[in-house]
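Per TrEMBL, the features are as follows:
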type: COMPBIAS; residues: 699-712; note: compositional bias 'Polar residues'
type: DOMAIN; residues: 436-563; note: domain 'RCK N-terminal'
type: REGION; residues: 691-712; note: region 'Disordered'
type: TRANSMEM; residues: 20-37; note: transmembrane segment
type: TRANSMEM; residues: 42-61; note: transmembrane segment
type: TRANSMEM; residues: 67-85; note: transmembrane segment
type: TRANSMEM; residues: 92-113; note: transmembrane segment
type: TRANSMEM; residues: 145-165; note: transmembrane segment
type: TRANSMEM; residues: 177-196; note: transmembrane segment
type: TRANSMEM; residues: 208-229; note: transmembrane segment
type: TRANSMEM; residues: 328-348; note: transmembrane segment
type: TRANSMEM; residues: 360-379; note: transmembrane segment
type: TRANSMEM; residues: 391-410; note: transmembrane segment
Amino acid sequence: MDMDLASGAVEVINDLGFDTLTFLGVTVLVVPAFRVVKASPILGFFCAGVVLNQFGLIRNLTDVKLLSEWGILFLLFEMGLELSLSRLKALARYAFGMGLPQVLLSTLAFTAFELPPNGAIGTKILQFLFDSRPDLVNIRSIDEAIVIGAALSLSSSAFVLQLLAEKGELPTRFGSATLGILLLQDIAVVPLLVILPVLESQNIVERSLWPILLAESLKALGGLGLLSLGGKYLMRRVFEFVAESRSSEAFVALCLLTVAGTSLITQKLGFSDTLGAFLAGAILAETNFRTQIEADIRPFRGLLLGLFFMTTGTSIDMQLLIREWPNVLTLLGGLIAIKTLIITAIGPRVGLTLKESVRIGLLLSQGGEFGFVVFSLANRLGVLPLELNKLLIIVVVLSMALTPLLNEVGRRVAGIIDERSEEKEKPAEMVNYGATEPVVILGFGEMGQVLANFLSAPLSFGIEKDTEGWLYVAFDLNPAVVKSARKSGFPVLYGDGSRPSVLQSAGITFPKAIMVMYTGKEKTIESVNRLRQAFTAVPIYARAQDLSHLLDLKKAGATDVVLENAETSLQLGSILLKGLGVMSDDVSFLSKLVRDSMELQAQEALKDIGDQEVDIMKPLQVRVSDLVDSNGNSSRMVAQEQSLSLSSRPDIKAIKPAVTNRIPDMKVENENPGYDFDRVDSEDGVAYCLLGSDDESDQASSTSKDMIDQSA
């Protein structure tokens, strides 16, 4: 018996492993292919599921479906993360002005269309036109009608948002209104998930719905309220503790544990596990870790949700589709027509034009991925019969596939309305994302804080412009720094801002500029390289610890790099020379020459080809002298005449051969490991970086005095 159990377990593992390989292979083929044709990969997963099911390539469909349900959990968890209070306030006008009436009216319309007993309008139409089977199209109870109506009132966020992003219409009033409706539809999923277990356990035909909902609501407020309060404080502390360890593995594991744990708790309370995942996301939405969490779970969510859509595709019964195609087309047409009419009628009530309302109505007339969540849960709970569930899934899949076509139809209809209408339309309220896209600061240490204050100063826009400075967002991986900065009013988020997925989670699609303020050399180079690959046209500025670090950052794609230690030395040297009585113009000119010499040295090193090691410690005096002899062409801040006059000075002419003759005898030493700079010595004494002996200093002073006397 033990051998039979062991062999059975091995067979299950082998089947699941084969199915996993099949799914990964499908993902590798489907996602790039559908990206090329500018279609959503979701549709590709549906098609792949249909094909795999027809050829019997999935061996253990039951276990694969159990695994795919994690995709639903991550989807709802991410939706909870998106529903922060600030985002809800920004879209409240369209969410509650259009989204709420649309969901309610669509649910009522679809419910009335299917309402039992056998006198439903939809049933009569289908039976009259196509002689449809009564056991398929008849709705047995009110709860079935409510579930179907509510599920069909939802639209596809994945399809719609992708189309808006591709067309660049998210910043418009049309895009904002569409996003607001989708946002409220996401919220509407939650009470629907609460009602479904009620519909399973109670016969609401015999009892009134309101007492049941009241009792379940009290139960929900009790159990979920305790979970929310406990989770709000406990989960925040746990995430802060794990974040302090700076372990990305532990942080991702905590995210997975949070989703699984809250789902299990809500399931024990009698609710669905999907509600627990949504609640966990909502609890963490107002924390400093939301952006990093969303970026970390996105790969898991994408793969598992793709698996969910593929298994949903296996539920599409091709024989049923071929046999019942008249019913499918009629239901599809009814779905699109009802939702389009409702949204078009609501739009002008909130200030939209007729053409905008028509476009939104057609764009949101399809079914959505949350419909699959509701249908799957309803079928699992026994609320919907299996064959009706399959028929509805076919209708929703086809409506989602038509989304690009519906968007194009809406665009053309809007153009016709625009030509024929004589109404005075309101301007399209374009949100200037080019002006509001922030400067991104990576690392909020002392230098990052100084930079933030510099950017937020009103004068940073210029004296003639009355503004409050540049918009910026900072990222840091130290939770203590983030917490302290946010208390002080700085817009700082927890997360690795060098990852494009983290920036995307924060809503940053095209930053105005990126300032890399990290101190670690490898971290800075890796960040610049990753960001340059993601943002080819965005200026990226970084700080370098030494010249070799500067060269690496330039090669990685940094737009400009500041040599931190050199700038400090130049500032101190400028103060010293001014204190010794040197004129400010001369000090500025000399500082510019030194900066240009370092830039020239970096450019020469970047052009160096082969394995020959670049001498990055070549004395800067030689560089400065070379620049002076070339008439100061590298200096763009000083007049040409000043460069020529300086190059003709006898003291400069005397310096060049003296320094040049000493180059062969120089050697690099680092006698004191405690110093974080190199000393360049020669047999006669120190050439630069450190002062020489007293005798040499006196001799140098005497030589300099003679030169000054001659120049005078």
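We count from 1, first residue shown onward.
Just so you know, glycine gets a Cβ as well, placed from its N, Cα and C.
Those TrEMBL annotations? Automatic predictions, nothing curated.
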So how many of the residues in the domain 'RCK N-terminal' (436-563) end up helix, strand or coil by DSSP? 55 helix, 25 strand, 48 coil
Mean of pLDDT values spanning the domain 'RCK N-terminal' (436-563): 83
Interface check, the transmembrane segment (92-113) with the transmembrane segment (328-348), three or more C-beta pairs under 8 A: yes
Using a Cβ cut-off of under 8 Å, list the residues of the same chain at least 6 residues beyond the transmembrane segment (145-165) that approach it. 40, 42, 102-103, 106-111, 113-116, 139, 175, 178-179, 181-182, 185-186, 188-189, 192, 195-196, 199, 335, 339, 363-371, 374-375, 378, 383-384, 392, 396, 400, 403-404, 407
Counting only pairs 6 or more apart in sequence, are there at least 3 Cβ pairs under 8 Å between the transmembrane segment (42-61) and the transmembrane segment (177-196)? no
